[in-house]
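J.: Have a look at this one before I ask anything.
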């Protein structure tokens, strides 16, 4: 099978696509994979480093722009679809899988024009506008959350789960060692979380000799946050711009402070880790809040709205959970119960089915 994976922008869209590509090549060494993204997305750095073929198209978001901005985007959208048609002509895929992100829409439209079967993978509990509009065009929409089915009443859907990076599904249970706190704001970091965590450090002083903090800051805030840790007397060696081996980071963690992107929640569930979830408030259709509430409803996490994010509140929640081991274990078990394994296999089965190779 020749599979074209379109999308990216953030790790939440990209990493499931990479997991799919890896699984496809494990199943069939003769299969071919082509990624399509943008120069501004995380894929422009990560995919070449990992040796994956990547084509770039010129497209940017327009959902949050005003009327004039949307009108100016029309020529850009037309150009990106044309670029997509050229990529399809060169690669000639059996199926195009849109994984979300700016590059996904033009490639799905181009594939529709070329009558190439399309599949969409929607990671969130409430889909973005692009996937809601393009869903009826796709042969199938694969969902990570069953709650998303209500948004695709005119499309064929299947709940597949979210493909995970290597090592996630084999994550060991939480151990009894000295507690470790994992803090991150997605693949690019999150300034609000970085700042709140930095200011919460003095309030975590009683834990200084017992608690290890691993903090992914993103590149922009790295030096500032490291200096803040040093001033507060906390080790700064584990303050890093990006964590390459997230499976190992989850395995060591007892509690996680993070955003509520769909891929993050799928990884928390697969690894069985309790979390303080701080949804990104400007996500399309506020989908991270919907994601977080779905997790919290099952007892697997606590939701802390960014508007309520203060150093005092964050430190209090961290302390309460670390001091209440039975509750931490219960939340971790609840998270583990939500994990859906084998998502990559299910999505690839759908792709083979729509292009007549199953």
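Note that Cβ sites are derived from N, Cα and C of the backbone, with glycine treated the same way.
These numbers come from a predicted model, not from an experiment.
The annotation UDP-N-acetyl-alpha-D-glucosamine binding site is assigned in Swiss-Prot to 10, 11, 12, 124, 165, 187, 243, 288 on the grounds of sequence analysis.
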J.: Out of these binding-site residues, 10, 187, 288, which one has the fewest other C-beta atoms within 10 Å of its own C-beta?
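T.: With the binding-site residues 10, 187, 288, fewest surrounding Cβ atoms within 10 Å: 10.
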J.: If you count other CB atoms within 10 A of each CB, which of 12, 124, 165, 243 wins among these binding-site residues?
T.: 124
J.: Count the other Cβ atoms sitting within 10 Å of the Cβ of residue 11 (UDP-N-acetyl-alpha-D-glucosamine binding site), across every protein chain shown.
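T.: That number is 23.
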